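Following: one structure in structure tokens, then a few remarks.
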Amino acid sequence: MSQRDYYEVLGVSRDAADDEIKRAYRKKAMEFHPDRNPDNPEAEAKFKEAAEAYDVLRDAEKRARYDRFGHAGVNGNGYGGGGGFSSTEDIFAHFGDIFGDLFGFAGMGGARGPRPQAGSDLRYNLNISFRQAARGDEVTLRIPKNVTCPDCSGSGAAPGTQPETCPQCGGSGQVVRQQGFFQMAMPCSACRGEGRIVRNPCPRCRGAGQVQDIRELSVRIPAGVDTGNRLRLRGEGEPGVHGGPPGDLYVVIRVDDDKTFRRQGQDLVVRKEISFVQAILGDKVEVPTLDDPVTVDIPRGTQSGEVFRIAGKGLPHLGSSQTGALLVEVTVRIPSSVNDEQEKLLREFERLEENRPLRKVKNMFKKAGKAMGMD
């Protein structure tokens, strides 16, 4: 075949990403596949040409040589006008993963048997206390999960025996069905696509190759986690099948509410009730933190609902050395009733409220505070 530019063959730009090149090749392979174009030498030539182009452009090293030197840079790989594949069967064998996924045709690299399958992911819902979330903790989880059967090592066959190759599909897990011009590969009904048959099942797992077990895992809870955060433990999910990798375990966090603190992002909110005398005259009050209590200055004239911010007394930011703040939300307590002496002082304050020196008003509230037992 003529040596056209490989990018032109696949219809992609020279800066095309790998997945774009793969998609373009799939499209060309579908268009010029021999089963779709029987007795068509031109389509077969284009099919081989697309395969040749894809074999170079999918490989980073080959692609770099081609970009620099053109066809001369990759002719040592067997290309050079005649194509790198002597037959369509060679192409099927070389790119069996693509054709198996895309077309389902038989004759793509021989009997490969069942493919490895990754194990399923697991989810574990973990409730932790507010303090555990704030400070971090190490907890032990008991996870019910399937594990590879220790008696048969996952084969499903009784100890001392081995699974047999399926006689119907020859171990490929597929059988061929002719549909018009197409040969479609279907899962073998005799072995259910496994490519093998267990004549003598393992007594322990009953041929499943897996048994259920309780696995204890030690998990570190980072400080600052919140409800909905997920911790991913790689490889701690269900075991893979046919040599596939295990799945992952996702620990989903739920943080219990706290009686003292309310969370606002990485800040903590705490309510502090003060008397109306403290609000007017100002005072020093003690408020709780996650550590020891701290003293907060309440300035004169503080209104109910005002918030005072104490930096560094909140929750740590995940993955950072920064820490949130403690937000002290003040609530001014108003007495529901007063005695005669208190009412007298309040009436006197009402008369003196305007156009009186502040010192006299301050003394008035000191008297009111003593009368109400707030000294």
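In case you wondered, yes, glycine gets a Cβ from its N, Cα and C as well.
Copied over from Swiss-Prot, here are the features:
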- Cys149, Cys152, Cys202, Cys205: Zn(2+) 1 binding site (BINDING)
- Cys166, Cys169, Cys188, Cys191: Zn(2+) 2 binding site (BINDING)
- 5-70: domain 'J' (DOMAIN)
- 149-156: repeat 'CXXCXGXG motif' (REPEAT)
- 166-173: repeat 'CXXCXGXG motif' (REPEAT)
- 188-195: repeat 'CXXCXGXG motif' (REPEAT)
- 202-209: repeat 'CXXCXGXG motif' (REPEAT)
- 136-214: zinc finger (ZN_FING)
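Sequence features annotated in Swiss-Prot and their locations in the structure.
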| residue | record | Cβ within 10 Å |
| --- | --- | --- |
| Cys149 | Zn(2+) 1 binding site | 21 |
| Cys152 | Zn(2+) 1 binding site | 26 |
| Cys166 | Zn(2+) 2 binding site | 22 |
| Cys169 | Zn(2+) 2 binding site | 24 |
| Cys188 | Zn(2+) 2 binding site | 21 |
| Cys191 | Zn(2+) 2 binding site | 25 |
| Cys202 | Zn(2+) 1 binding site | 22 |
| Cys205 | Zn(2+) 1 binding site | 22 |
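Note on the zinc finger (136-214): its mean pLDDT in the predicted model is 86. The subset of binding-site residues (Cys166, Cys169, Cys188, Cys191) lying with their Cα within 10 Å of the Cα of Cys149 (Zn(2+) 1 binding site) is empty, i.e. none. Sequence-distant contacts of the repeat 'CXXCXGXG motif' (149-156), counting only residues of its own chain at least 6 positions beyond either end whose CB sits under 8 Å from a CB of the stretch, comprise 162-163, 198, 201-205, 207-211, 239. The DSSP secondary structure for Cys166 (Zn(2+) 2 binding site) is coil. In sequence order, Pro150, Asp151, Ser153, Gly154, Ser155, Gly156, Ala157, Ala158, Pro201, Pro203, Arg204, Arg206, Gly207, Ala208, Gly209, Gln210, Val211 are the same-chain residues whose CB sits within 8 A of the CB centroid of Cys149, Cys152, Cys202, Cys205, the residues recorded for Zn(2+) 1 being left out. Between Cys191 (Zn(2+) 2 binding site) and Cys202 (Zn(2+) 1 binding site), the C-alpha separation comes to 17 Å. The DSSP breakdown of the repeat 'CXXCXGXG motif' (202-209) into helical (H, G, I), extended (E, B) and coil residues amounts to 0 helix, 0 strand, 8 coil. Within 8 Å of the Cβ centroid of the Zn(2+) 2 site, not counting the listed residues Cys166, Cys169, Cys188, Cys191, the chain contributes Pro167, Gln168, Gly170, Gly171, Ser172, Gly173, Gln174, Val175, Ser189, Ala190, Arg192, Gly193, Glu194, Gly195, Arg196, Ile197.
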